[in-house]
Amino acid sequence: MVPKVHEVAGNGDSGKSGVKGKKMRAFLEKVKRFPGLVWKTMWKVGKEDPKRVIHALKVGLSLTLVSLLYLMEPLFEGIGQNAIWAVMTVVVVLEFTAGATLCKGLNRGLGTLIAGSLAFFFEYIAEATGRVFRAVFIGAAVFLIGALTTYIRFFPCIKKNFDYGVVIFLLTFNLITVSSFRVNDVLKIAHERFYTIAIGCGICLLMSLLIFPNWSGEELHNSTVLKLECLAKSIEGCVNEYFKDDVIEETTDTSTDQDPLYKGFKAVLDSKSNDETMALHASWEPRHSRHCYRYPWQQYVKLGAVLRQFGYTVVALHGCLRTEIQTPISVRALFKDPCVRLAAEVSKVLTELSNSVRSRRHCSPGILSEHLQKALRDLNTAIKSQPRLFLGSDNGGSATNNMLALAAAHAASPRGGTPRRGDQPKQRHFSTSSHLSSVKTDSSALMEWKNKGDNQQQKMLRPQLSKIAITSVEFSEALPFAAFASLLVETVAKLDTVIEEVEELGRMASFAEFKENSCDHDDDNKVTVTCEAPKTPKTPKTPKIKVVQNQLPSNGAD
């Protein structure tokens, strides 16, 4: 017996060592793949937008320049230990776009200047008093300025444009005022600190405005064009996927991160804060365009809000692809041609709007073409030609009552709804009969049973009731398509609002007038949409949507 025990123990130790060995090999394999994964990620991020690489190089060059204040002896003797403030300023102020850098740089500079001037004024008043009164005066000044400044931050205008400057003002004022009580040469320290901050802000502005500038206004403009293209591709992709010849696969995984259609309209729905931030930063930028006039950046924000409202309809349209009740393919095929043509026309209109915004010209006066109206009329005619699919047959009510009676009879059985082996033929005959004389045939019988029955029977019957409710409604198979068609028509109705906002943007921004041959000069931006039915029964490809986000967190701490 003893040797067997040792043998079993030895087998357990070998099993544990085997598991540890597998974990160690898996860990070593991950370590080997880590450099390649990092390199692939770096290449992917830079390939998506080369301006990211340029911005990284600009930050590195700026930090190198401000580091010379420490590295070069003459500069270090003139500035001293406060040179570190120049490095901190570059790290905090230099942003991806010129507008963001201007906003933070000017806020930091003005906040430091005003705080230093006010602190010196209070110091001048406190010098004429005794030491005790000076301490009380400094404490009272810190309390009043701190409370008042914090309260001012809640003002909408201040919070929107100058919140960062107010924070810098509060920080600088307290540093100078409090330190002046113990330090005698605080004026010299404040001057050196202000100089270093000014040097850091100057380098940031130089890099942002003169060396490969990246304008927030251009980012907002391109983002609006991208959102219009995403909506166009999402609508056409949803309709193509809905009318595929094969049945839509039912997936238990609810994650939609890999769905290109979801990525497209998600970029539109999540753009509110991004649009407002870029519009704010664009308002700080100088007039750098060829015509040198001010762009209506807030109109871009309004257009983004309209596109989000349009995107909500696209989200609902996309939700019809994964509903629990699906319309049969044979029924969907009856309405495929008008729906596909209607989606193609809506996509064509959105693509034309994106091209007009991209090229800064007005859209065509006949953007709502006759083809769109014809597709709408054909869809309406196709729906009216199949009234039985949407209205159901006359015996629908009796079928529903029979189903309810069957549920009540099933629940009233002695075994709680589980029939005996000998009762199966009777139950089969009972379920197929059209007249149920022994059981109440209205919904009151079922309600009466539900009130009297115990919770266990109700739980057993709940799945059956849901299936009976679905299968008893004869027109339930056409309901998903009715919702889908209604949402598709809703996208057409919302096109007018989108076109109006784009036209208003063109009027306020002085876009060029539309010319018939204006699209011939820009072949790269020209998009051709064909509405013909495919000649071969191939499954239409889902359009790829590229979404690039360049906004970095700008809440840097000092």
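Including glycine, each Cβ sits where the backbone N, Cα and C put it.
Annotation source TrEMBL lists region 'Disordered' at 1-20 (among others).
Marked as transmembrane segment by TrEMBL: 53-71 (among others).
Residues annotated as transmembrane segment in TrEMBL: 83-103 (among others).
Annotated transmembrane segment per TrEMBL: 110-126 (among others), in sequence order.
If you look up TrEMBL, you'll see 132-152 (among others) marked as transmembrane segment.
Residues or ranges marked as transmembrane segment by TrEMBL: 164-182 (among others). Remote same-chain residues near the transmembrane segment (164-182) are listed as 103-104, 106-108, 110-112, 114-116, 118-120, 122-123, 134-135, 138, 141-142, 145-146, 149-150, 152-153, 158, 189-190, 558 (criterion: CB distance under 8 Å, separation of at least six residues from the stretch ends).
Positions annotated as transmembrane segment by TrEMBL: 194-212 (among others).
Residues or ranges marked as region 'Disordered' by TrEMBL: 409-443 (among others).
The feature compositional bias 'Polar residues' is assigned by TrEMBL to 430-443 (among others).
For 531-558 (among others), the entry in TrEMBL reads region 'Disordered'.
According to TrEMBL, the compositional bias 'Polar residues' annotation covers 548-558 (among others).
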Surrounding residues of the transmembrane segment (53-71) on its own chain - C-beta under 8 Å, 6+ positions past either end: 46, 79, 83-84, 86-87, 89-91, 94, 96, 196, 199-200, 203-204, 207-208, 211-212, 214
Within-chain partners of the transmembrane segment (194-212) [C-beta distance under 8 Å, separation at least 6 from its ends]: 51, 54, 58, 61-62, 65-66, 69, 79, 82-90, 93-95, 97-98, 101-102, 105-106, 108-109, 112-113, 116, 286
